[in-house]
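Peer 1: Copying in the features that TrEMBL gives for the protein in this structure:
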DOMAIN    51-340  domain 'G-protein coupled receptors family 1 profile'
TRANSMEM  32-60  transmembrane segment
TRANSMEM  81-107  transmembrane segment
TRANSMEM  127-145  transmembrane segment
TRANSMEM  166-185  transmembrane segment
TRANSMEM  221-243  transmembrane segment
TRANSMEM  280-305  transmembrane segment
TRANSMEM  317-343  transmembrane segment
Amino acid sequence: MIAEMISFANMSDEAIFKLMSFYNETKEFEDMIGVIIPTIFAFVIAVGLVGNLLVVIVALNRQMRNSTYTLIIGMLVNKRFADVKLIFSGLACSDLMFLTLCVPFTAIDYSSPVWIFPHWMCNMINYLQHASAYFSVWTLTLMAVDRFLAVCYPVESMTLRSTRNTLILLTITYTVILISQVPVAKIHDIYEYQFIIESRSTCAIVNIAKGEASVAEARSYFFSFNVFGYILPLGITCVLYYCMLKRLWYTPRPGSCHQSAGSTRHRPDSVKAKRKVTRLVMCVVVIWAVCWLPLNICFFCSGLVYPDTLVIRGGKFAVIVQISSQVLAYTNSCLNPLLYALMSENFRKGFMRVISVTIYQCSFGCCCKSQLRSHRFEVTFYNQPSHANNLSRSASTHCKSTTQVLEVCSAV
């Protein structure tokens, strides 16, 4: 984009015609993107919110309450289910946070050429966007640590992998993330510029957008996201999974002749359960790595070409690649519930149970209310003086019927 006011005084008619043709072509492309991308993001938000909320509801099941699912769900439920505390540090909650704080504002940014929100929201939104992105990846790393301890040190880590210790570790991790992202909030500001004949504004790192930041400063921003938001956590996760797969590979299969009858460390049901959960978590990590890889490549290339931009170097193709990589990364937040439903029988049964109960309550609850209104009307009708005889003959019948309806509704 052209960031300075263009003077037409010293330009030929041919140059002005080419410039305005470029402007009109760019506007048409931006208008198309301003419709397509918000539509895709709206679908991502709808699917992601429903899916992750279902994960949170399924978490109320006592069978799902262990350290791994605490990391997945980010929820602590007491024994009586009376006090439910959502902790915005689990995978489902970080996905919900990402869907509500990143995706909607990005969609609006694509559809509007100017920044339409208050000035302070520029700092706050970017702060929470970066924090929620780090929340997801480091939660996956903690899940890998939990699986590593469960597979490689099942007995020794039983006390270490408690819900209390898991929440303490989550709290420490996310506190560090929130503190570390404060500089990101400070460097973002409203960047106002002129695109040929149109005044525009956006929320960006102004020094980098203007090309005034040094190469070291710009690359420290782009590369730090690559290192701490992708390479380091993914590297730790890969090492841990290599150790886990090595252990599971050499663990005797259930029913194998190499398995001792009195072994409690590698019981068939225990090994099978560990393999299932480990496979689920590993698939979640792989899908995340694939979805976020293109965006990290764009960040890396942006640091390499600075002070130029990818748009200057690659033109419209670079813009399409950047937009596609961002859409793919954001889509990851709505994929995790689908993975849980496909690969975890407990989650799948929980999803179906929640959906069935919700539909049943909505349909049967309305039926109960209509029946109650009907019976109340009949009782009022029979209580009128002109219908006293009818009331005396039918009182017992209607009382029994009303009692049955009340019992059914209370059971629902």
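The backbone N, Cα and C atoms fix where each Cβ goes, and this holds for glycine too.
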Peer 1: Is it the case that the transmembrane segment (221-243) and the transmembrane segment (127-145) have 3 or more CB pairs under 8 Å, with pairs at least 6 apart in sequence?
Peer 2: yes
Peer 1: Could you check if the transmembrane segment (32-60) is in contact with the transmembrane segment (317-343), meaning 3+ Cβ pairs under 8 Å among residue pairs at least 6 apart in sequence?
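Peer 2: Contact confirmed: at least 3 Cβ pairs fall under 8 Å.
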Peer 1: The transmembrane segment (317-343): which same-chain residues, six or more beyond its ends, come within Cβ distance under 8 Å?
Peer 2: 29, 33, 37, 40-41, 44-45, 47-48, 51-52, 54-55, 72, 91-92, 95, 98-99, 102-103, 106, 110, 136, 276, 279-280, 283-284, 287-288, 291-292, 294-295, 297-298, 310-311, 351
